[in-house]
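What follows is a short report on a single structure.
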């Protein structure tokens, strides 16, 4: 943006204290995907124009104009796109559907949690990608309006949302990044994971799955129910019938690679056999629908007249959604290490 024009000193006002030079703020910026992102910056000066006297020059904290020289980017923004730093809040539990902000590529992206993998990790959609974030990379979304935060801050300062175990877990995840060796010898790092590194057992046992094998792993919700099956690869076995797996559709919060996690064999299965459906699925067929990077069980409730499209009723949440033929497969159950077709 243009920096032309003579800067004037803005009169200090009590209600606009956060807009005074030297204040650390957040500025709203829309990226190429039309997503709103909040970046930390410092107010440098106020600039007056013939049409708008509430524009401010800010210098970003983490975004560089020239990284070699260390020069950080300066831009002009309207006051409506600037807000004070949100005050920290106590840790809280999140759930699917919560409107949050996720820290990604030096900014806080506004969006919705699409899936909770467990109490500490969730799936978040940014553009066309689904990324995995730990709860320590999330904060509740709030709006700065007329000098107040909406929802009010005191809405969350209640004992019911404080969780000491969650706080300990967040500190553990933040201070213990997982690092696993790949086949090529390079390391992948994930800031969202179990936080525990288990030593491989010296006891040689027959493994159910082998290193490098493609599998599907269950996504278990906080109530212990399986929500979906996600594609993954076995990285290596560890003790007590547990495996290090690498997801094929979920990436780490910083988008440096695919998420690596430890799973027990009870929640791992081989991919189901491909059963071609050359023409159409039928009413009441048990199917798996490809949704949010995983396969979700459902039932065909309607065959739509316009081409190969269907209405699918999800078993786990009762939702009905529309899918095309290529995003469905016949549902099979993995029982006693055998694939079984469920009863109608």
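Any Cβ shown, glycine's included, is placed from N, Cα and C.
Matching 110-143, 144-177, 178-211 against TrEMBL, the residues noted as region 'Disordered' span 178-211. Model confidence over the domain 'Agenet' (207-276) is summarised by a mean pLDDT of 86.
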